[in-house]
Amino acid sequence: MSQLEINSSNEEDQQDFVTYFADVIIPIPLPGTYTYRVPRAMQDYLVPGCRVIVQFGRKKIYTGIVSAVHTHAPKVYEAKLIIECLDTNPSVNDYQLKLFSWMAEYYMCTVGEVLNAGLPSGLKLNSESFIQLNPDFTSTDDVVFSDQENKILDALETNDRLSYEDVAAVLGIKMIHPVLKDLIQKGRILLYEQVKDKYKPKRKRIIVLDDKYLDAEQELQALFADLEKRPKQLDVLLKYLSQIGMDGNQRSTVSVDKSVLTEAGVSASALKTLCKNEIFHEHEVIVSRLDSSVGRSSHEGALSEGQLAALSEITEGFQANKPVLLHGVTGSGKTEIYIELIKQAIESGGQVLYLLPEIALTTQIVARLHKVFGSELGIYHSKYSDNERVEIWNQVNEGKVNLVAGVRSSVFLPFQELNLIIIDEEHESSFKQYDPAPRYHARDTAIWLANLHQANVLLGTATPSLDSYQNALDGKYHLVELLERFGSGSLPKFKLANILTSRKNKRMQGDFTPELIDEITQALERKEQVILFQNRRGYSPYLICNDCNHVPKCQSCDVSLTYHMHSNHLVCHYCGFKDAVPATCEACGSTAIRTVGVGTEKIEEDLKILLPEAHIQRMDQDTTRSKYAYQNIIDRFENGETDILVGTQMLSKGLDFDNVSLVGVFDYDRIVHFPDFRSHERAFQLITQVSGRAGRKDDKGLVVIQTGEPEGGLLQLILRGDYKGFFQQEILERSSFNYPPFYRMIKIVLKHKEQHVLQQAAMAYVATLMAELGKKRVLGPQTPVIGRIRNLYIEEVFLKVEKKGVSIQKVKELVYRLSIDLKKKKEFNSLRLYFDVDPV
DNA sequence: AGCACGCCGACT
DNA sequence: GTCGGCGTGCTC
């Protein structure tokens, strides 16, 4: 360091000698953090939580998050400099940093993976490599360029920059690096990385009348007189005034969106002239994408006695510092209680997180919250664009939004002082993330987060998960029951339609029992609406050749292709592979191909034939892809434009319709017999939830369940709405077979493209696990129902570990260490292995 | 995860 | 001889 620098600082001379280092979390699946050197200029404001741009590897540039700042220089490598710091105020707070590392540890993944899931991609800058001509290049005679090099240079004459893909296209080859390397060596081109800030604030143009006319009435009158002979301009003025309100004292705003004026048909050129003459002014302002137009309205109505009692019990639980499990049957009015609690939490100056499953979020609940909380409500949802997510993130960070209604990923938002977390539909399995890591459960994560913030937690559901209910019985949670329906709605009646006998008597019409058809017809005659539930999308799960029994399968997954009639394609629901429908059997050439099984599309199709007069709408993943498709379908149903709604389980949640008198369930048997220890729990929840859609108003609704075994014990419990009976029966099973909630489970998934290598790896791994943990705690390896996806074979190993007396932490460390040892073996190095802690 | 390097087989 | 394939190892 030079003498000059030391002298230039006249305070804390010693400080200038200190070099700071920052540990940076990089959003990639690598363990640990990476240490970078902090440039002198950043020392003052770089703190944990700041986003920084760093180079990682030879050329890649990432946005990372600083997790710690310290003075320990790394011993074995030279730390690179941080390229840039993107924040003067950290984007991520200390709570979140703690959350990230807890999640990585608990769910056995890397912090980088947590960060990747948690940070909206709008806050992550990506880099792309470009080349450009080197302006400093001076031609010398001894430099010659090859044909390929000249092609690139020619292309650079017309475009000032080329991406790697461009270069590859120009040359028509893929191996472009050696060529580029040469050109760089010769000094003819430069390679650079362009970093782009992806978040773009939304702008709009507004028009404001000049102050002098707004302030003084006579000036305005004079202006009117002036514009007398210019009708187009006068029109602009009138339209403007009508927008802001003619009465000067009542005005809340003086600006009008330019788009509003142009849409009202004013002349663009007249407006331009007015602006030029400084009568009007045009400004560009940055606006929020978040809709804040709806104002608050007063509370909807007083709580019932039962609700008030529940409310005070909930408060009791909060005071005891326990999460509260609110077991409230469908229609018991949980939402009113939530609203009351949210109000209290916000009034006391805290923030509230209201977690909902994806599909329940676009519904009436949000509209109600919006009515009560107005612009204080932020919504965080997968169909929101990235820019919208960034805005919510920032507003939560700044404390402008104090209530977030969101899906599981909203646990990552930068709450400063969380006061209350509500987890609605607590039992929903969609709170657990499946595929990319972190495979986290938003409910469990939220409970941990609440503990960190010292916030209250309320779990609400009509059908508690076994885990939560057991927690309540153990006294870990405070149980509050609300088992009476609020208002006039009453429990639906059930009717079981026996598929087997109808089939024997040849009375089935397609997949409809005569009972169901009959009830649908009656309901339609009474001008009531019908919901049909078939938990499988597409037309038909597979095609089969009548002559040789050949079934078209996916090339890269071990599943049959689903037939989609509308698009006339065969689709793989696991990898998305699409194929044309074969006219003849690929195996034997026969034309006798028929469909087997039923999807939502087939039900819709059959209904159109059976009931040609009815208006039918299908609701599943395929019809709700776009942002508003879901809402549109719901709206049409609510307005009575649709008579029958056919859908997958997405219509089982959070929807209240007044005029639905009949709900039909098609594949009860398949739900119950799903090969999984949770299938009974899921069946109970699903059927109860779907049934809740029937008979919300004055009449009792009817639920028709088509089944082959109407005497089933579980079905009887569902019909009686006997949650406690179900719980007692099921918990016994779980206890005697060492399943959750008594044991913790960790699923280990191994994938490899060679089946026998995979087998060997899985066997070897299981052997080491058994040696360390004992045979009883290790299950498998077993091939899952779908044994191959995207050309990778799959094996699963399950660990069952007692909750009491065993350190799960130690087990995780062991399991992880053994997996590293396994992957270190030469023959297994392309093995993919990941963990799923608390799988659902 | 990327990305480079390096070794190998398949073609102009 | 290239071209393009993949296996291997590293990234502060």
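Using N, Cα and C of the backbone, Cβ positions are placed for all residues, glycine too.
Features of the protein shown, as given by TrEMBL:
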| type | residues | note |
| --- | --- | --- |
| BINDING | A:CYS545, A:CYS548, A:CYS585, A:CYS588 | Zn(2+) 1 binding site |
| BINDING | A:CYS554, A:CYS557, A:CYS572, A:CYS575 | Zn(2+) 2 binding site |
| DOMAIN | A:315-482 | domain 'Helicase ATP-binding' |
| DOMAIN | A:580-750 | domain 'Helicase C-terminal' |
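Each residue contributes its Cα atom, and for A:CYS548 (Zn(2+) 1 binding site) and A:CYS557 (Zn(2+) 2 binding site) those atoms are 22 Å apart. Between A:CYS575 (Zn(2+) 2 binding site) and A:CYS585 (Zn(2+) 1 binding site), the C-alpha separation comes to 23 Å. A gap of 15 Å separates the Cα atoms of A:CYS554 (Zn(2+) 2 binding site) and A:CYS585 (Zn(2+) 1 binding site).
Between the listed binding-site residues, namely A:CYS572, A:CYS575, A:CYS585, the fewest other CB atoms within 10 angstroms of a CB are found at A:CYS575. Across the domain 'Helicase C-terminal' (A:580-750), the prediction's mean pLDDT works out to 84. Summary of the Zn(2+) 1 site environment: with the site residues A:CYS545, A:CYS548, A:CYS585, A:CYS588 set aside, the chain residues having Cβ atoms within 8 Å of the Cβ mean position are A:ASN546, A:ASP547, A:ASN549, A:HIS550, A:GLU586, A:ALA587, A:GLY589, A:SER590, A:ALA592, A:ILE593. Within the same chain, residues at least six positions away from A:CYS557 (Zn(2+) 2 binding site) with a Cβ under 8 Å of its Cβ are A:CYS572, A:TYR574, A:CYS575, A:PHE577, A:ILE786, A:ARG788, A:ILE789, A:ARG790, A:ASN791. Secondary structure at A:CYS545 (Zn(2+) 1 binding site), taken from DSSP and collapsed to helix, strand or coil, is strand. Using the Cβ center of A:CYS554, A:CYS557, A:CYS572, A:CYS575 for Zn(2+) 2, the list of other same-chain residues with Cβ within 8 Å runs, in sequence order, A:GLN555, A:SER556, A:VAL559, A:LEU561, A:HIS573, A:TYR574, A:GLY576, A:PHE577, A:ILE789, A:ARG790.
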